[in-house]
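According to TrEMBL, the active site, proton acceptor annotation covers B:E327, B:H328. TrEMBL lists B:Y130, B:Q191, B:N214 with the feature NAD(+) binding site. Annotation source TrEMBL lists substrate binding site at B:S237, B:Q259, B:H262, B:H328, B:D361, B:E415, B:H420. Residues or ranges marked as Zn(2+) binding site in TrEMBL: B:Q259, B:H262, B:D361, B:H420.
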2 protein chains.
Amino acid sequence: MPKWLKTTDPGFDAAFAAFLGEKRESSADVGAAVAAIIDDVRARGDKALIDLSKKFDRVDLAALGLRVSQGELHAARKACSTETLDALQIAADRIAEHHERQLPMNERYTDEVGVELGWRWTAVESVGLYVPGGLASYPSSVLMNAIPAKVAGVPRVVMVVPSPNGELNPLVLAAAQLAGVEEIYRIGGAQAVAALAYGTETIAPVAKIVGPGNAYVAAAKRLVFGTVGIDSIAGPSEVLVIADKHNNPEWIAADLLAQAEHDTAAQSILMTDDAQFGRAVEAAVGRQLKTLPRGNIAGESWSVFGAIIELASLDEAPALADRIAAEHLEIATVDPEALSDRIRNAGAIFIGAQTPEMIGDYIAGSNHVLPTSRTARFSSGLGVLDFMKRTSLLKLDGKALAALAPPAMALARAEGLEAHRLSAEIRLKSPSGRPS
Amino acid sequence: MPKWLKTTDPGFDAAFAAFLGEKRESSADVGAAVAAIIDDVRARGDKALIDLSKKFDRVDLAALGLRVSQGELHAARKACSTETLDALQIAADRIAEHHERQLPMNERYTDEVGVELGWRWTAVESVGLYVPGGLASYPSSVLMNAIPAKVAGVPRVVMVVPSPNGELNPLVLAAAQLAGVEEIYRIGGAQAVAALAYGTETIAPVAKIVGPGNAYVAAAKRLVFGTVGIDSIAGPSEVLVIADKHNNPEWIAADLLAQAEHDTAAQSILMTDDAQFGRAVEAAVGRQLKTLPRGNIAGESWSVFGAIIELASLDEAPALADRIAAEHLEIATVDPEALSDRIRNAGAIFIGAQTPEMIGDYIAGSNHVLPTSRTARFSSGLGVLDFMKRTSLLKLDGKALAALAPPAMALARAEGLEAHRLSAEIRLKSPSGRPS
């Protein structure tokens with residue numbers, strides 16, 4: 001049974017605060033083990049990758065080779081159904097089209113003093129994409145991570161994916177090819193992160209690593225951060241559905257379960273101003289659960305972390321939704337746009353009852369890598385900017401320098417930095433050295 | 001004596017790689033101590049802040065109060081010279097004007113299938129700014145961190161600054177007021193970071209923490225990351241100057257020393273295609289060092305980490321500069337724009353001999369918080385976007401859903417996520433529940 005919280009209950013504030021504070025995932029303390037793996041890869045390179053893959057993935061990379069061959073890529077594609085490949089192609093095209101709109105503009109202007117200012121965006125020179133093996137090996141995630149990097153103009157996009165018992169998901173390899181990623185290594189875990197960060201004989205290091213992974217991968221990304229860039233560390237996923245009574249409870253129930261089936265640590269929350277509707281959704285969840293192949297996972301997520309929040313009025317929704325800061329927010333009310341406009345914290349908003357979140361997961365074109373676990377308070381979903389960086393540009397001539405130097409020199413002196421002061425003063429006092 | 005590397009030497013590649021790999025700062029392992037401090041603040045709130053400030057800052061906050069009063073702010077401003085206040089005001093105005101150009105555009109469009117896509121940028125709801133105490137307490141950094149947050153529209157900007165022996169830098173308080181920051185607490189160290197992340201009786205928690213600090217502050221920021229957002233962890237600062245022989249060696253020497261005087265771990269690098277010019281700069285550095293109040297610091301930085309890289313041709317500069325990925329890059333050559341265009345990795349580029357980096361530190365309007373220690377390969381300087389986040393928006397009607405559902409359902413099935421599939425299918429098969 002999910003929690004049922006009612007804003008008019010006297011204990012609501014405390015119960016809601018406790019609900020927000022719940023930990024949904026206890027990350028195993030794997031720091032020491034991961035540090036040892038990283039050291040091993042730095043010291044022994046490919047040899048360490050081969051030994052660790054034998055140990056953790058039960059696969060002999062000395063025989064198979066670290067890199068997935070063109071022949072294997074071709075075979076993987078042939079192993080996929082046409083229907084799925086076509087769907088992946090539609091998704092890839094839509095993702096590319098949407099993300100192209102995120103390409104930022106360079107800026108350059110001259111102000112009234114004659115100072116030229118601006119900035120220039122450039123792509124990160126190389127990116128490594130981590131893809132989990134086994135059950136969580138999702139082709140859709142390959143597209144969502146690789147295509148924004150390609151749109152950004154990253155010259156080298158590399159993928160790593162473990163092959164437990166030698167197996168690779170053909171759909172993952174097909175998605176990589178659709179996204180234009182052809183440099184793929186069959187390695188995973190902390191050793192793959194170390195190889196991407198520091199390089200080995202076979203694998204040149206990258207400048208940034210993105211993509212989800214287990215506790216070992218997350219710990220390794222934290223440890224190599226600084227040497228390379230990383231994306232955010234993904235936590236368990238969640239959906240908040242704000243729905244009034246003018247909805248089919250079965251639709252809303254299916255949306256809550258689509259979230260819950262990901263993972264027992266996933267969270268599905270319904271917020272409604274109608275208790276009877278809430279009960280109808282709860283009953284529909286119970287019915288649908290029995291029909292789902294992943295019903296055990298979804299059922300555990302729903303009963304342990306699920307919640308129904310009963311509002312006195314939909315007017316209470318924005319403030320509470322901002323505190324939840326959901327990764328996914330569906331709004332199925334009479335005027336969903338008005339409610340959406342009042343919300344600050346959400347990874348993505350799905351507006352109106354005909355916009356189930358799964359459309360965003362797969363095909364809409366927007367990114368499904370979104371801030372989880374309340375981090376939408378301060379971070380954004382994955383996008384093109386995550387694969388670019390901005391270089392600030394500044395250009396003065398002698399006249400502009402003469403205008404700006406005095407206050408800059410005053411501040412340098414106030415901060416006790418006389419060499420800073422000198423580097424302006426010396427230009428005002430002595431010739432450039434450049435033949436005029 | 002700084003290193004002298006010559007690209008035509010047979011050992012150059014190895015020497016340059018070793019140079020890039022040098023560690024300039026060994027971070028003390030303060031993780032356990034910091035974790036204990038954070039736990040203490042979470043458990044005891046204000047009481048812990050008072051005890052820890054007594055211990056580390058030798059100041060009695062039970063008597064003084066945690067928050068800096070309006071009276072103190074007023075007195076601080078009166079204690080500053082008019083010249084400095086005026087300079088701070090010029091800087092503040094220019095920083096605000098420049099950063100307003102970074103405000104991002106929202107997006108909303110309908111594609112050919114009838115799907116509405118877009119995104120909306122919103123400000124982070126609250127931001128904490130860490131300002132170091134003592135020597136590194138720079139008013140210019142207060143402006144550089146606080147003003148972009150204000151321009152972004154952050155409703156609540158809070159500052160923390162330790163007051164060792166009860167002392168606060170009046171310029172720091174004056175800069176905070178100029179930037180519109182009035183909620184200021186006289187706390188520092190890991191305890192201040194913990195208070196900002198988790199809140200205490202007096203201090204409401206924030207959503208993001210920015211600003212530089214010592215090893216304790218950096219470790220605390222790493223530990224609270226996830227609960228709150230953080231900016232990048234600042235490393236020691238560096239400048240790369242690319243200069244041909246048509247320069248006054250004294251100008252270039254002053255620029256190298258302006259970097260070196262920050263910190264013994266700072267790094268100043270000259271890259272030139274003229275050995276004689278390089279030697280002239282080296283001699284000028286030696287002369288100027290004797291005149292500088294912080295000559296000991298600058299001298300140690302220059303002799304331990306300084307370097308002169310002699311090129312066969314300026315054509316070699318871009319590839320090497322990209323590997324250095326300097327925080328600050330000055331280009332003083334005959335055609336500095338052409339060289340600038342060929343460089344991918346730099347935090348900020350100062351174009352032409354009349355653009356000393358110190359102008360960017362203080363007054364140009366661009367941000368002086370820039371990616372250090374080679375992180376310009378994957379990250380950008382501080383800006384307005386660091387105080388905003390993007391919410392993805394998606395809206396379909398029944399017709400658009402009917403168009404997109406089939407490929408989405410194919411992908412859901414391929415990934416084994418049947419509840420995802422169901423949440424689209426059920427909409428195609430059953431009525432909405434909404435009165436039509």
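Cβ atoms here come from the backbone N, Cα and C positions, even for glycine.
Pairwise Cα distances among B:Y130, B:Q191, B:N214, which the record gives as the binders of NAD(+), peak at 13 Å.
Neighbour density at the Cβ, taken as the number of other Cβ atoms within 10 Å, is lowest among the recorded positions B:H262, B:H328 for B:H262. Secondary structure from DSSP puts B:Y130 (NAD(+) binding site) in a beta strand. Following the DSSP three-state reduction, the secondary structure of B:H328 (active site, proton acceptor) is strand. Between the CA atoms of B:Y130 (NAD(+) binding site) and B:S237 (substrate binding site) there is a gap of 18 Å.
Distance between Cα atoms for B:N214 (NAD(+) binding site) and B:S237 (substrate binding site): 14 Å, as a whole number. In terms of C-alpha distance, the listed binding-site residues B:S237, B:Q259, B:H262, B:D361, B:E415 place B:S237 closest to B:E327 (active site, proton acceptor). The secondary structure of B:S237 (substrate binding site), as reduced to three states from DSSP, is coil rather than helix or strand. Counting neighbouring Cβ atoms within 10 Å of each of the binding-site residues (B:Q191, B:N214, B:S237, B:Q259), the lowest count belongs to B:N214. DSSP assigns B:E415 (substrate binding site) to coil, not to a helix or a strand. Filtering the recorded positions B:Y130, B:E327, B:D361, B:H420 for a Cβ under 8 angstroms from any Cβ of chain A leaves B:D361, B:H420, in order along the sequence. A simple way to gauge crowding: the CB of B:Y130 (NAD(+) binding site) has 28 other CB atoms within 10 angstroms, across all the protein chains here. Neighbour counts of Cβ atoms within 10 Å were compared for the recorded positions B:E327, B:D361, B:E415, and the top value is held by B:E327. Taking the centroid of the Cβ atoms of B:Y130, B:Q191, B:N214 as the NAD(+) site, the other same-chain residues with Cβ within 8 Å of it are B:P132, B:V160, B:P162, B:G188, B:G189, B:A190, B:A192, B:V193, B:G213, B:Y216, B:V217, B:A220.
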